[in-house]
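> The transmembrane segment feature in TrEMBL is assigned to 29-51, 63-89, 95-123, 143-167, 199-229, 241-264, 276-298. Among the features that TrEMBL reports, domain 'G-protein coupled receptors family 1 profile' is placed at 44-296.
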Amino acid sequence: MTTSSNYTNLRDIWYTMIGIPGLEDAHTWISIPICSMYIVAVVGNTVLLFLIFTEHSLHEPMYLFLSMLALADIFLSTVTTPKMLAIFWFQEGGIYFGSCVSQMFFLHFVFVAESAILLAMAFDRYVAICYPLRYTTILTPSIIGKIGIASIIRSFLICFPLVFLVYRLTYCGRNIIRHSYCEHMGIARLACDSIQVNIYYGVIVALFSTCLDVVLIIISYALILCTVFRIPSQDARLKSLGTCGSHVCVILLFYTPAFFSFFAHRFAGHSIPLHIHILLANLYVVVPPTLNPIIYGVKTKQIQEKFIQVFSLSKKFC
């Protein structure tokens, strides 16, 4: 295979994902918590969506944004986990190039969209605390819908070029993906020509999507804290901060492992073993979606009450 066309034809063969390199013997044991968390993530977020859309009292901006987050969490875990479990259980790591690129696109698309949703939720808390009397007039259902659509469009425009960036490369026989799912740089490293453009674009995407979102979230909470500390009553201050507790926990859960992985890959070099990187990457797509509905269920009184009400009603009919 010496011609460019022959290299291109390699895209039609099956690529092989090997799961977590170095921990192949432990795949079955690793799959147990991952499978359990995936089930909890799907069920928990589905219940959250059901409660929000069926209970009129939860049709408020905060809960509408939360429903977007729950939907994104379901997609984030479902894009990766079934194939991951197939590798762990049945050694079914084979995947066509086109399918691998599709998984890559949807993975990055959902990640960027979820980051935008977290930013929107920070804006929601900013308006609720800094402009409480104008809360419902600023965040109308129409505005919330436009924010949701804008998040999807932004994510699509940012992530769609990744498809062209991996298709433009020449592939010449390396078909082992040392990961449990397909992501941009994992595919790019299979190429036999320069991937500098892919690297630069990946950094640009991180800076102008995720990092920008984090900066804006920090600014939102700085403004929130300035407003809260001007409230004379300590009880009122604590109550205002309490409404932000769930969101702060979710933010830390979402961004901390992402930034750890980003900086570890670029600055830690080979000091952190590859199997640690991949294991954390596997946990990252199931742990936040699993814990997000639990966090909001525990910390949000309205969701607790509606869940107990619906659960009691279902038991009554049973």
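Glycine residues also receive a Cβ, built from the backbone N, Cα and C atoms like all the rest.
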> Looking at 29-51, 63-89, 143-167, 199-229, 241-264, which one has the highest count of Cβ pairs under 8 angstroms to the transmembrane segment (95-123)?
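Ranked by Cβ pairs under 8 Å, first place goes to 143-167.
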> Mean pLDDT across the domain 'G-protein coupled receptors family 1 profile' (44-296), rounded to an integer, is what?
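Mean pLDDT, the domain 'G-protein coupled receptors family 1 profile' (44-296): 89.
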> Which bits of the chain, at least 6 residues beyond where the transmembrane segment (63-89) starts or stops, bring a Cβ under 8 A of a Cβ in it?
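Here the qualifying positions are 17-19, 27-28, 30-31, 34-35, 38, 41-42, 45-46, 48-49, 52-53, 95, 103, 106-107, 110-111, 113-114, 117-118, 120-121, 124, 141, 144, 148, 151, 180-181, 250, 282, 285-286, 288-290, 292-293, 296, 302-303.
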> Do any residues, 6 or more residues outside the transmembrane segment (143-167), come within under 8 Å Cβ-to-Cβ of it, and if so which ones?
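For the transmembrane segment (143-167), the nonlocal Cβ contacts are 61, 64-65, 68, 101, 104-105, 108-110, 112-113, 116-117, 120, 184, 187-188, 191, 197-198, 201, 205, 208-209.
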